[in-house]
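Working notes, structure below.
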Amino acid sequence: MSQAVIFKPFVSVPSSNHSQRKLQNNIINVGVKIQNRFRVVCMGMLAPRKFLQKRRKMEVFKDAADETDQKRWRGLMLEIESTGSAVPVLRQYKTDGDQGLPRDLVLGTLVRFKQLKKWNLVSEILEWLRYQNWWNFSEIDFLMLITAYGKLGNFNGAERVLSVLSKMGSTPNVISYTALMESYGRGGKCNNAEAIFRRMQSSGPEPSAITYQIILKTFVEGDKFKEAEEVFETLLDEKKSPLKPDQKMYHMMIYMYKKAGNYEKARKVFSSMVGKGVPQSTVTYNSLMSFETSYKEVSKIYDQMQRSDIQPDVVSYALLIKAYGRARREEEALSVFEEMLDAGVRPTHKAYNILLDAFAISGMVEQAKTVFKSMRRDRIFPDLWSYTTMLSAYVNASDMEGAEKFFKRIKVDGFEPNIVTYGTLIKGYAKANDVEKMMEVYEKMRLSGIKANQTILTTIMDASGRCKNFGSALGWYKEMESCGVPPDQKAKNVLLSLASTQDELEEAKELTGIRNETATIIARVYGSDDDEEGVEDISSESSDDEDEGDDDDDDARETVLYDKPQEGSLGYGSLQTEELVGL
């Protein structure tokens, strides 16, 4: 039976879901919008958008007195934010002039910092107001103070405020108990938080929807998944439940199953929302997309969200861009970013860094440069992660001269390289077999007070073994233990792969503790890979039919060469609970 020969096109085609969605939009909106991929070529990559340009806002005031008050308040807010402390600034404003410190100004400041979730400033102002004769500190103020301590995880402060309320003859209510419970949860005392919750269930006050949201969040972050599941199941039982679970509770359960690695249950909870009459939102879909590793699956969820007439936000776009970037589908990643800009969604640091990473992974330096410059143009100034990702673009392009120049620029621009920055440069010199330069960077890192991690030491061991001899690799293997970084399985695999004789293999077996046939197989497989670039070419190829989310591959060489995202290399990769769930 003859076999069909399939030729893969030189330019990769967007995923079926994304391209079909774009085509459907084009049919509906004839002449309004053409497919993003082709428009990128016509307009130029990341062309400026009007909505990103700085515009001067016209302000309207009631009268001259209102203008004075507004500007005074803004000045006060800016001064508090710049100093990081509110009380000294408020004291100064109180003593300046005859006007003193108006009550409305203080109240507005409190409300604004509460909206900004700057609970440290809220608690500082309220603690100060407790002892001011001109301010009538009421029960509402106490409740706001205990809420602030709850958000900060300051259970000592929350307990103290609750004690004061009790002495005043005030009966603790659902707000104060919930705040105390949250303070325990955020303070790492999950059992104490659970005890408060159980007491509320048994003897009152009756837990509110917010109470249930917070206890679910506490259980999930404390890895008490069984307890969270039991609470949620109780809420689903109409006979036992005092209230129905709301959208945020469903979001938290989706996040919990993601965290537990139970994707099937997460999808089941997602699907059950419609039947229970709970509306799905952008956050719901973001929660579901966040744990998918295949760009095809992420794209399907994204398409489903749009079919449901739910508008994606910057997190939605960032998750889809990240999925395409990981799959080395840079054109699709760029297309989605352009779509985001066309939709008038303002990109964040995270979104730009994810797009930058999509090009950096494949060593596309010029495209990465364009993204890097676009950040500044759009008044989103690159941070250290942006610089480190740009550095990795040079490294992945094997342009070590460019990498060295850019590394110097990082310091010139006022940033101090961290362990990931140094590790990226070390990786580059290791790939280039330039051991001397690699060691220079390593020594600079040590002198700057940064301790090497497992990945860096494994990289140096691998390069030393390949470029020098097996004895040098042995020395670095032993160095790991002396540095307090015990060799992991990947380091052991690399050492075994560097053994070129039977004696060296036996010595490696003795050190690693691997004495079975696996050690011999590893040595044969990795020992035959003399051409490193060949290894990289193989690891970077992917079939259209393959699942792109194979991040758990235990290939030692791949780890050493940083082909997979390292922990901390892009801190924006995994989105945190509060951003997804909104608690």
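Easy rule for this one: first residue shown is 1, then count along the chain.
The backbone N, Cα and C atoms fix where each Cβ goes, glycine too.
Per Swiss-Prot, these features apply:
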{"type": "COMPBIAS", "residues": "528-556", "note": "compositional bias 'Acidic residues'"}
{"type": "COMPBIAS", "residues": "557-566", "note": "compositional bias 'Basic and acidic residues'"}
{"type": "REGION", "residues": "525-583", "note": "region 'Disordered'"}
{"type": "REPEAT", "residues": "138-172", "note": "repeat 'PPR 1'"}
{"type": "REPEAT", "residues": "173-207", "note": "repeat 'PPR 2'"}
{"type": "REPEAT", "residues": "208-242", "note": "repeat 'PPR 3'"}
{"type": "REPEAT", "residues": "246-280", "note": "repeat 'PPR 4'"}
{"type": "REPEAT", "residues": "281-312", "note": "repeat 'PPR 5'"}
{"type": "REPEAT", "residues": "313-347", "note": "repeat 'PPR 6'"}
{"type": "REPEAT", "residues": "348-382", "note": "repeat 'PPR 7'"}
{"type": "REPEAT", "residues": "383-417", "note": "repeat 'PPR 8'"}
{"type": "REPEAT", "residues": "418-452", "note": "repeat 'PPR 9'"}
{"type": "REPEAT", "residues": "453-487", "note": "repeat 'PPR 10'"}
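Looking only at the repeat 'PPR 5' (281-312), the predicted model's pLDDT averages out at 92. Residues of the repeat 'PPR 6' (313-347) grouped by DSSP class, helix first, strand second and coil last, total 26 helix, 0 strand, 9 coil. Secondary structure of the repeat 'PPR 4' (246-280), assigned with DSSP and counted as helix (H, G, I), strand (E, B) and coil, comes to 27 helix, 0 strand, 8 coil. Remark: secondary structure over the repeat 'PPR 1' (138-172) totals 27 helix, 0 strand, 8 coil, with classes taken from DSSP.
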